[in-house]
Amino acid sequence: MPEQLVFAMEVTLNGLMTGVMYSLVALGFVLIFKASGIFNYAQGVMALFAAMTLVGIQDGRVPFAHIINEVLGTDIHYFGWEVPALLAILLTVLVMIGFALFVQKFIFRHLVGQEPIILFMATIGLAYFLEGVSDLMWGSEIRNLDVGLPQGINDTIDQVTFEIFGYGFFIDNLDLWATGIAAVLVAGLIAYAQYTKNGRAMRAVADDHQAALSVGISLNYVWILVWSLAGIVALVAGIMWGSKSGVQFSLSLIALKALPVLMLGGFTSIPGAIVGGLIIGVGEALFEFSIGPLIGGATENWFAYVLALVFLVFRPQGLFGEKIIERV
Amino acid sequence: MNEMSPDGYTTEDGRKIGGVVMEMRNITLRFGGVVAIKDISFDIREGEIRAIIGPNGAGKSSMLNVISGFYHPQEGEVWYRGARRPAMKPFQVARQGIARTFQNIALFDGMTVLDNIMTGRLNHMSASFIDQALWWGKAQREEVKNRRVAEEVIDFLEIQNIRKTPVGRLPYGLKKRVELARALVAEPSILLLDEPMAGMNVEEKEDMSRFILDVNDEFGTTIALIEHDMGVVMDLSDRVVVMDYGKKIGDGTPDEVRNNPDVIDAYLGVAHD
Ligand SMILES: Nc1ncnc2c1ncn2[C@@H]1O[C@H](COP(=O)(O)OP(=O)(O)O)[C@@H](O)[C@H]1O
Ligand SMILES: [Mg+2]
């Protein structure tokens, strides 16, 4: 097999795994957008906040230590205990549910029926607010996140591919795990939406508010639910990216990666978010591998957007959206 | 016993009508300067088919929206089962056993007929998430029961052949029927129908009339319905409220209403313009 093709296979595999992560972030957007028509600009900051909270709880940091010390004249920073990863994750989930309750009660409940652009602006405000809260609670230094996921090259894949191709693929264990977990989460979400009472209510609200109300569904409850789920998705995304490159402000920029995925997959389609994420993950990896060297590299920064734009011109409704036919 | 008796009465065709289950007292509803409902009172009795009629823009839909919690009147009280009802959200009203359909059809277009109808059962699901996730006894029994009720209603309304069709693709008449099915599977004690026969051909109208009568007869469901077509209303209903320009201009049996000079005026007026 030609050497270039083997390299391309490795690149594709890695691209697929990055793509699953993009899908995951995009899914957070889709959940909220479908149910409430809100494009949640804060989704990326939610991932940052969730990851910061997780690390903070794990390390036993005192939240708002800076303010507390300032006001009381104390100098405390740690409780002096460490919380096991699993428990810390559960506690962080609770924090994200609390955040969902807060967002619904204090912001979006008061904005029902407003123009989408107003709702969008509100989420921009929310993003900066949450960033500030995150800084106040946990500080803004870069943190290491370690929930015990294995890291480093996967030896089995390395050996097997070496025997077949005479070249060992470099696949990171962390990427493998991240892909697996993301896949399970996505499958779980789909099953949840399909078969449970809450999931059915979610789909109903996504389809028609008036009809949902008439069968006894509380919109408020469903909105809290989707914000909670989006918070959990943000936490998982935060764990994956944070484990790889540390928890810091740039983590919130993963939201920017989800945007082209949404343009490709459509803002309301769960399958669209998944397939869109995979296409962009593989597309940008292959493009960087094949064309990148010719034009000086770093094509990942813009390729996804160009791909999405080209796509948008030909299929404005996204991969799985119904064709939009203008009524005249 | 007659229509005025507090304990109810027996109709000519032998159906037992009970006491008052829902009462509107001096309802006034305004939208800015528009007064959609002007100081209207009337009641609905257990087991009866109660019609609200009147020309376009009379305020009929608004009244149904007040009953189902979609609109909140500026003045007046809603009494339900002997107690004054506080201002309620539509989903809370639905959970009290009051189901409805809409004049302009509100279905879940992205779902199949069966899925649409199953959403009507949401309030009969109580199994916890864990039960559902692990498909334990309670969740399983509930799902089986819910599916059975849904299938019964599907048979009853003769829509077996479109069970799996996405609702968005159905013709208007069938959509109206699916919407009725979704309301029925909730096993409501009161059913509110906003122009269930609007836009239908004669045959579809006859089917719908038969379904409405059968629902009332077989399940004892109290029905309040809005209808435009005088003829249909007179055949279906036990008592009729007539509205015009937000005011109540008549209330009584079909015969009484038919001979009421105000009603005749309102309808002739409409016919003339
Ligand atoms: N949501 C609303 N906002 C403003 N005006 C409304 C609204 N709903 C109804 N109206 C007005 O109330 C009046 C009665 O309307 P409606 O109840 O729909 O009448 P009907 O069902 O008898 O045709 C009309 O003048 C209508 O324009
Ligand atoms: Mg109307």
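Glycine too: its Cβ is placed from the backbone N, Cα and C atoms.
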Feature transmembrane segment in TrEMBL, mapped to one of the ranges A:12-33, A:254-275: A:12-33
Which listed span TrEMBL calls transmembrane segment, if the choices are A:110-130, A:278-298: A:110-130
Chain residues outside the transmembrane segment (A:12-33) and at least six past its termini with a C-beta under 8 angstroms from it: 39-40, 43-44, 46-47, 169, 171, 175-176, 178-179, 182-183, 185-186, 189, 226-227, 229-230, 233-234, 236-237, 240-241, 254-255, 257-258, 261-262, 265, 267-270, 272-274, 276-286
Listed stretch, out of A:38-58, A:176-193, A:221-241, that has the most CB pairs under 8 angstroms to the transmembrane segment (A:78-103): A:221-241
Positions whose Cβ lies under 8 angstroms from the transmembrane segment (A:221-241), at least six residues beyond its ends: 21, 24-25, 27-29, 31-32, 34-36, 40, 43, 46-51, 54, 89, 92-93, 96-97, 99-101, 103-104, 108, 145, 147, 149, 174, 178, 181-182, 185, 189, 198, 201-202, 205, 212, 247, 251, 254
Tertiary contacts of the transmembrane segment (A:176-193), as residues 6+ beyond its ends and Cβ separation under 8 Å: 16-17, 20-21, 23-24, 27, 31, 149-150, 154, 199-200, 202-203, 229, 233, 236, 240, 243, 270, 274
Chain residues outside the transmembrane segment (A:38-58) and at least six past its termini with a C-beta under 8 angstroms from it: 25, 28-29, 32, 82-83, 85, 88-89, 91-92, 95-96, 99, 108, 116, 119-120, 122-124, 126-127, 130-131, 133-134, 137-138, 143-145, 147, 230-231, 234-235, 237-239, 241-242, 247, 249, 251-256, 258, 267
